[in-house]
Structures are given as structure tokens and as C-alpha cells.
Amino acid sequence: MGEESLRRRKGEDKGGEDRQSIQSHEPQTMNLQKQANLFLFPLCGICMIVGTIIGSGIFVSPKSVLANIGAVGPCLTIWAACGVLATLGALCFAELGTMITKSGGEYPYLMEAFGPIPAFLFSWTSLLVTKPSSFAIICLSFAEYASAPFYPGCDPPQVVIKCLAAAAIVVITIVNSLSVKLGSYLQNFLTAAKMIIVTIIIVSGIVLLAQGKTENFKDSFKDSKISVGSISLAFYNGLWAYDGWNQLNYITEELKNPYRNLPLSIIIGIPLVTVCYILINVSYFTVMTSTELLQSPAVAVTFGDRVLYPASWIVPLFVVCSTLGSANGTCFTAGRLVYVAGREGHMLKVLSYISVKHLTPAPALMFYGAIAIIYIIPGDIDTLINYFSFAVWIFYGLTVLALIVMRFTRKEYKRPIRIPLVIPVIVTLVAILLVLAPIITAPELAYLYCALFILSGLIVYALFVHLKFSWAQKISKPITMHLQMLLEVVPEEEVTQ
């Protein structure tokens, strides 16, 4: 009788326990690792890498790379070199990701190698500069291509572009906040769509080459502008098109069997992108001279007008899909950085909470989307790219240096992948060159502002993370409580091995 009464009491209390789950902090299915089955096969990882890298860059950067380097031959060489550098960097991240299987990209690696201060500076810079500015650049590119057909013969108004970009940020943020599966499926669909336009451009170029359209490749190194500064700036623009090669490291905890799927996705995905980028540029040069390419307002659209007419309308359509896919992949992965930083106490605690209904890091994604919208209001694409590239390569270099340091300070760690030490050394030296060369050869205030912003993170860390002033805690606790109830989110459960 007592046992039966107890069972009845448990059944009656079940609903009460559900209602109190937010307060008890003991949700039964609140861990992001429970979504790992979404990334069971390497194909999903390859789609994430390819879908995130191939976005607006290949349709914007060719003109900037050519403008800095001056000739077809060096331009194609830069594109190939950027692919090699991205592959080497990704291999370094593969060793880091399989050695420290935590989401958040560079954050946990810097934390382990150098301690909390560099890790905090990375999260501070990434959350407020590099990640939202990247999201904003991609969505602004989407808005330009999406609005262009409605304003033939002239540039679309800036207010239209910015409103479209803001709408794209809101929609992508909502999709990823509602469902991990929905965000993953959307990524796979948009990746397939962008590969269609990539295939069309490549096949068209190969056909034209077979027909003898090779005059633009004669004397391909003539009139080239080779200097440390020009090469560095060309690399900046080329590497912007390749950015995203480290995206799987932001969702390592959600990968099934990361020891196999992470390196396999990298080894297949990035070389595939490199081959596509080189062939796309070759296709551009089959129908446009260097001068014509530099004068083109939208390289891919010009290519479509000359080769695919009257079906040229498919180019801006698929470019829109391409940019949306890149934006979706960026949002999907960057939200995890906000989430991990909040979990470590380096951001508001509520940013590490998980949606009760959707099992997504909804507060982190909303925060990320809100910052990105702020960037599109005053910014333009060129300024944002300069701001982004300088900051991001500081931390890429520092993270690869962390790999070198941990070879000596963390010898006890298991390394399912162990790359030759010369690879991280090369990547670190290249990162130093990429950071210093533009400052020395063509100094701009944007670099100074970015450096000052990064250093300002030291003040924030000292006041709010290290000292933890009581008045700050008194303000943040009620804010966290109200946001928790409003958004219906709870802390992630502790994972017991």
C-alpha cells in the first residue's frame, strides 16, 4: 500500500517537477551533445565547411585580389596559396579539435595553453567584432544581390540593402534558435544550391577553354605588382573568401566521433573548395580581361550576362542562396562560441543557457544576431572586411601558437591526429606577416581602433571577471532570472562520464 501510494505521489508530482525545472536547474534533456546525431557522417561536416566557406567571398573578392596583385598569373597563384594556407591552418585545428573536444573554436585551446586572459580577449573580440562583422558582411552581400534585379541600371538604395540584410539576420537567427535540425537541413539545402551555380560557372569556363578562349591567359604575369604589402592585402581578400575553414571546431561537442569526422571533413572539404575557387577564377578570366573584371560591379553577374544569356537571371538567384548558406553556417557555429564563453563565466551566464523547448543555445544566437544588426547600420563591406581580417588573423596565429606550446607543456594529452611541427610553425609565421605587413606598408586607423578595442578587453576582464564586483553581480542576477523566464531557458546539465 505504501509503495502504491508512493508511485501515485510520483505521478502527481511529475508535472510539478517539470514546472520547477527552470528553478531546480536539473533538466533531463538539456545537453547540446544530445544533438550529436545530426553530425553522424562526415558528409554533414563537409557540407558545413563547404557551405560556410563558399558564400559571398568568391563573388566579391576576385576583383579585390586582382586589384592588389595586378595580373592573371599572380592572381591565380594567390588563390591557390590561400587554399594551401587554409588547409594547413585547418589541419592544425584538427589536431587541436581532437585533442580538446570542446565546442567554441579557438576559445578552449587558448584557455588550455595560455590561461583565461587570452581566451577572454578572443571571446571579447570575436563576440563583438569578428563574428558579428562577418555575419554582417555576408548579409550585406546577400542584400546587394537580392535587391539588384529590382534596380536595373543603378545601385540599390542603401536603406533597402540594410533593411534586407537586417531581415536576413533576423530570419537566420530565428531558424537556428528554433531547431538544430532545421538549421542543419537548411545548411545542407543551401549548400546544394550554391554548388549548382559553382558547377555552372566551372563547366561553362571549361567549355569556353576547350573552344580556344585562352587569349586572356597569355603573358599572364605581365604588369604584375609584386610587393610585401600588395601580396598581404591580396591574401587578406583571398582568405576572406576562404574564411570558415575552422567552423567545425565550434561544434566539436555536437560531432559524432570527432576523432574521425573532424579531420576527414577538413581533408575533403577545404581542398574541394580550393579547386572550385581556382576553376571559378579561370572561368571568369575566359570571358573577361583583367580590366573588364576590375570594372565589373558584380563579377558573377557579368559572367552570367556574357555566357548564360538569356538565362543569366539564375546567377543572382543562386548567389543569394550561396550567401544565405554562408550566413546560416556562420550563425550556427558562432552561436556556440557565445554559449561556451557564457558557460566559462566570461560572458553573461544566461548566454550559456539552453532552450527548454528547442534544445538550442537560443540566448547566445539572439545576442549574436543583435550585435550583427548593429554592425550593418553604419558599416560598409570594404570597411568591415579590413576590420575583420586584421583581428581574426591575430587570434588564428595565437591559436596555432597554442598548438606548438602544448606540444611541450601538455605532452600527456592524447593526440589522435599529430601533424608535423613544421606546419603550425609555418602558419604562425604567415599569420604574423599578415598582421604586420599591412600596418607597415599601408597603415590605417581601422587597425589602431581594432587593436585598442582588443586591449580594452583587459579592463573588462579585470573589473567583471577577475575582481567580480558585488554591484555587478547584483545587477546581472535579476537580469539573468528575468531573461531565463522570458526565453524559457535553463543551464546545461552536467555531463557525467
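Any Cβ shown, glycine's included, is placed from N, Cα and C.
Under the heading compositional bias 'Basic and acidic residues', TrEMBL lists 1-20. The region 'Disordered' annotation in TrEMBL covers 1-27. The transmembrane segment annotation in TrEMBL covers 38-59, 71-97, 159-180, 192-210, 264-287, 313-339, 359-378, 384-405, 417-440, 446-467.
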If you count every Cβ pair below 8 Å, which range out of 71-97, 159-180, 359-378, 417-440 shares the most with the transmembrane segment (264-287)?
71-97
What same-chain residues lie close to the transmembrane segment (446-467): Cβ under 8 Å, and 6 or more beyond its ends?
116-117, 120-121, 124-125, 128-129, 345-346, 383, 386-387, 390-391, 394, 438-439
Proximity verdict for the transmembrane segment (71-97) and the transmembrane segment (417-440), three or more C-beta pairs under 8 Å:
yes
